[in-house]
Amino acid sequence: MKSALTWDVLAKCSTTKARAAVLTLPHGPVNAPVFMPVGTQGTLKGITPEQIEGLGCQIMLNNTYHLGLRPGQELLDQCGGAHVFQGWNRNLLTDSGGFQMVSLLKLAEITEDGVQFESPHDGSLMLLTPEHSMSLQNSIGADIMMQLDDVVSSLTTGPRVEEAMWRSIRWLDRCIKAHKKPETQNLFAIIQGGLDPNLRKVCIDEMVKRDTPGYAIGGLSGGEEKDKFWRVVSQCTDLMPRNKPIYCMGVGYAEDLVVCVALGVDMFDCVFPTRTARFGNALTSKGTLSLRQAKFKDDFRPIEEGCDCIACKSYTRAYLYTVVTKETVGCHLISIHNTAYQLRLMRQIRESVIEDRFPQFIHKFFKDLFVEKSAYPEWAVNALKSVNVDLMGGEEASK
Amino acid sequence: MLTFNQQPESGIRRGRLSIPKKDGEDSVQKRVIETPGCLMYSAKGSVPHLTPDNVRLQDFGGVNVSMEHLLQNHHPAGLKNWDFDLAKFLHLEEFILLCQLRDTSAFTKLAPTTDRFVTLTTFQGIRQFTLQDYFEVVSAYRPDIVIAFTDNIAETFRDPSTVLPGKKRVQRSVDRSLKWLDQTLRVRAGGEGGQDEAEKKASKNESRKEQRKKARFQQTAETSEVESGSGSNATTPASTRAATPSDPATTTQTKEEAPRSWADVAVFAQVHGSDLVSERVRSAQETAKRDVDGFVLDVSGLVESKSMTKNAVLNCIKVSTDHLPTDKPRLVYGIQTPEDVLKAITMGADLFDTSYPFHLTEDGKASLYYFKQPAIAGSTTTTSIGEQRWINLWDDEHGDKFVPLLDGCECYACKGGRHTRAYINHLLKTHEMLATVLLMSHNMHQYSKFFASVRQSIEDGTFQKESVLFNERFGVEPDRTGEIHAAQAIVEASLTRRANRLEGAEEGVVEAIGLGPSPAGTPVPQKRHSEDMTGHADKKPKPEDMA
């Protein structure tokens with residue numbers, strides 16, 4: 001299939017499956033591994049495009065379902081796409097709109113045709129077919145677009161999982177056929193199969209034949225046990241072609257990012273940093289600060305020492321305590337900080353892979369965040385062990 | 001100290017407010033405020049919707065900060081922890097910082113001012129703010145300019161048929177304000193609190209009651225502020241000290257910790273008089289005798305009363321300024337719209353605040369008005385009657401207008417055509433905060449350009465002529481009714497419906513045919529990252545969490 005991207009691996013970790021690369025897309029280069037903030041409705045929670053660029057963000061997400069409703073396809077066609085519409089000149093990635101089926105809606109009916117659901121805004125019925133999703137995403141004009149997949153919760157068991165997997169493959173074929181701009185927009189396939197390794201293998205075999213510019217691991221981050229989650233991710237990265245970017249959708253927390261990079265994942269997205277910012281929660285390398293708490297009222301330190309975001313350069317926790325959840329600037333400042341935190345984390349990961357000291361970075365990261373080894377999450381310990389990093393045994397025990 | 005240089009030749013006042021650079025490696029050269037000009041209105045110490053980088057893109061030289069926005073229950077005692085001043089705390093070091101007692105964007109009525117306190121509305125509740133409290137706050141904040149503790153007659157009258165205060169009440173406010181002004185100037189000069197014996201005794205008793213009340217506020221405030229699962233309530237030593245009726249010596253300025261000197265803080269005195277000419281004259285004449293650095297005329301109460309015409313209110317300004325020295329600046333609150341500003345300038349006003357662009361922004365409006373210079377470069381300056389002074393971005397008609405708010409405008413939102421009316425309409429309809437960021441950037445910029453043009457025309461001698469043209473073009477601002485736009489009502493109703501509809505989905509089970517149960521609507525399970533400093537629920541709390 002035609003590709004509008006190039007994928008250049010700069011370095012590989014000699015211990016884990018991590019790699020550092022440059023993903024070059026129509027709107028510029030992206031350093032990988034990469035975390036993509038989510039600007040659902042064509043905006044990132046009150047942060048201006050200039051501020052987002054200033055944070056070093058090279059790619060962010062828009063949501064097809066929401067933009068399809070408002071401003072709608074016609075307006076997007078009229079002005080030339082979502083980049084122009086929101087004044088964002090770097091890269092965009094759109095999901096298919098399918099995830100909203102699982103996350104937003106009480107009633108949805110899935111047929112071979114597509115997904116029929118009720119709009120939460122005005123109750124009207126919408127049918128999202130692979131063709132319609134492609135058409136919408138073509139109008140939005142994102143540099144990477146996702147196939148419409150039959151999303152099944154990772155907790156589902158039984159024949160429904162396999163049915164969804166096969167349907168996703170069929171829908172991928174329909175998407176490829178309907179995609180009108182492969183020269184400027186890259187269609188990614190989404191591997192399904194639930195938590196069943198056999199189904200995952202079948203899905204990968206089939207989808208790889210379609211030779212899309214990149215692949216995503218879908219159907220996870222739905223509340224499944226983390227110990228099962230990482231095994232699926234690891235299996236996928238083992239089987240997927242290594243000369244293309246691999247994207248794990250909906251991930252996530254800082255420790256999830258670190259572990260999944262070690263397992264070989266290149267791209268991530270999650271609403272968490274900006275969503276939690278709205279509630280006054282600031283992310284730091286030592287944990288989350290809930291700045292609404294009165295205990296910060298006389299804390300004259302920045303959110304995180306050494307952070308160069310505008311919140312940390314301008315204000316102390318004591319001041320932020322007075323404005324978070326009360327003034328819009330409070331939300332903007334914490335959103336900027338949390339995005340800066342996530343992007344800085346990825347930068348540090350990437351540098352450590354390039355300098356081949358990723359395992360040392362992992363050890364330090366977990367120590368800073370959890371302090372005591374007894375507090376390290378078991379799933380993370382297991383996952384890292386599978387790629388030769390022994391969190392419990394200390395750095396000497398890792399290569 | 002503040003310097004106010006006025007250009008004497010012009011018939012209309014034209015000046016500049018500046019603060020000389022202080023000694024010390026940390027000090028910065030502050031911006032100047034050209035007059036007629038503005039201070040930026042702030043809420044809780046921030047210009048609404050604008051982060052520090054975006055604030056600095058604006059041309060204004062000063063910021064207006066309200067004490068009641070920042071006051072917390074453990075203040076002023078807790079301010080002793082400050083080894084910096086307010087400018088640093090708010091990251092406004094390069095701006096001229098002016099402190100007023102109360103919010104200046106809208107007149108709100110509260111409990112009556114008494115001989116001992118002014119009532120403030122803080123975010124933690126209603127607060128009786130004494131002169132002593134005020135001195136402690138000022139000595140901790142050390143802004144560039146502080147407005148003297150004053151009686152602004154902000155109460156709701158007992159007799160609801162009275163719209164404006166009676167003569168006795170007005171006289172009392174003039175007298176009280178003068179007395180408090182004298183005490184303020186004495187303390188600034190390093191003198192005593194300035195209370196006579198009877199007052200000191202009365203304030204000791206009052207203070208004990210006030211302390212107990214504060215302590216009650218404190219405990220309830222802290223209980224409601226702290227999230228579950230966080231461990232202990234962090235209390236600072238100062239707050240626990242206030243929990244018991246304490247030694248009177250500690251309720252006033254503590255002897256052992258002398259408050260920091262604020263001798264170089266400029267004091268602006270408020271002149272009063274309501275709508276009574278004799279009182280306005282008396283207040284102005286008496287206040288003018290004092291060694292203050294500037295004057296404040298707050299006519300927002302008169303405007304709010306709606307029992308006077310705008311012109312009558314503006315005349316009140318002139319009655320006062322006729323008796324004020326010409327070499328000191330006059331700051332007016334309550335006069336906001338461009339046409340009112342033009343008139344107030346002829347009445348002797350120098351400074352205003354940016355409440356007007358703030359109100360426009362809250363309503364979803366973007367200004368189109370201009371003074372003297374046409375907005376579009378190169379267009380003809382023929383007078384047109386009834387030009388649009390703003391557009392409301394909630395209106396459907398903007399939904400497909402891929403043009404900037406105002407063609408040729410150099411503000412952040414419009415520059416280079418990066419953001420469009422269509423996009424801002426979309427942001428409003430999707431309830432996204434970037435809408436107000438862009439509108440505020442634009443409206444503030446337009447207001448500052450308006451003032452810059454006004455100043456230019458004063459220098460050119462064309463001020464009167466251009467004022468007439470402005471009024472012909474743009475007429476009079478309609479009153480804000482507080483009604484929200486129909487489109488906004490639709491969005492808010494739909495958000496409520498969505499919230500109701502999603503209640504089931506987000507909490508637990510998604511009842512979708514063919515989709516199994518899923519624990520959460522969002523990609524991220526709810527229970528993670530509990531509301532405390534620990535990284536995880538299963539992480540052992542660190543010692544500093546328990547502070």
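Using the three backbone atoms N, Cα and C, a Cβ is placed for every residue, glycine included.
The region 'RNA binding' annotation in TrEMBL falls on one of the ranges A:75-81, A:250-256, A:285-291, A:348-354, namely A:250-256. The record from TrEMBL ties A:D95, A:S96, A:G97, A:G98, A:F99, A:Q192, A:G219 to substrate, and of the options A:D143, A:D149, A:D266, A:D298 it ties A:D149 to that site too. Site annotation (TrEMBL): Zn(2+) is bound by A:C307, A:C309, A:C312, and the candidate from A:H337, A:H363 recorded at this site is A:H337.
Given the ranges A:49-53, A:154-158, A:234-238, A:274-278, the record in TrEMBL names A:274-278 as region 'RNA binding'. Taking each of the binding-site residues A:G97, A:G98, A:G219 in turn and counting other Cβ atoms within 10 Å of its Cβ gives the largest count for A:G219. The two recorded residues A:F99 (substrate binding site) and A:H337 (Zn(2+) binding site) have their Cα atoms spaced 27 Å from each other. Around the Cβ of A:Q192 (substrate binding site), the number of neighbouring Cβ atoms within 10 Å comes to 29.
A:C307 (Zn(2+) binding site) sits 36 Å from A:G98 (substrate binding site), taking the CA atoms of both as reference points.
According to DSSP, the region 'RNA binding' (A:274-278) comprises 5 helix, 0 strand, 0 coil. In this structure, A:F99 (substrate binding site) is part of a helix by DSSP.
Residues within less than 8 Å, Cβ to Cβ, of A:H337 (Zn(2+) binding site) and separated from it by at least 6 positions along the same chain comprise A:A277, A:A282, A:L283, A:I303, A:E304, A:C307, A:C309, A:A311, A:C312. The substrate-binding residues named in the record, A:D95, A:S96, A:G97, A:G98, A:F99, A:D149, A:Q192, A:G219, extend over a maximum Cα to Cα distance of 16 Å. Distance noted between the C-alpha atoms of A:G219 (substrate binding site) and A:D269 (active site, nucleophile) is 14 Å.
Those same-chain residues not listed among A:C307, A:C309, A:C312, A:H337 yet with C-beta within 8 angstroms of the centroid of the Zn(2+) site C-beta atoms are A:P302, A:I303, A:E304, A:D308, A:I310, A:A311, A:K313, A:I336, A:A340, A:Y341.
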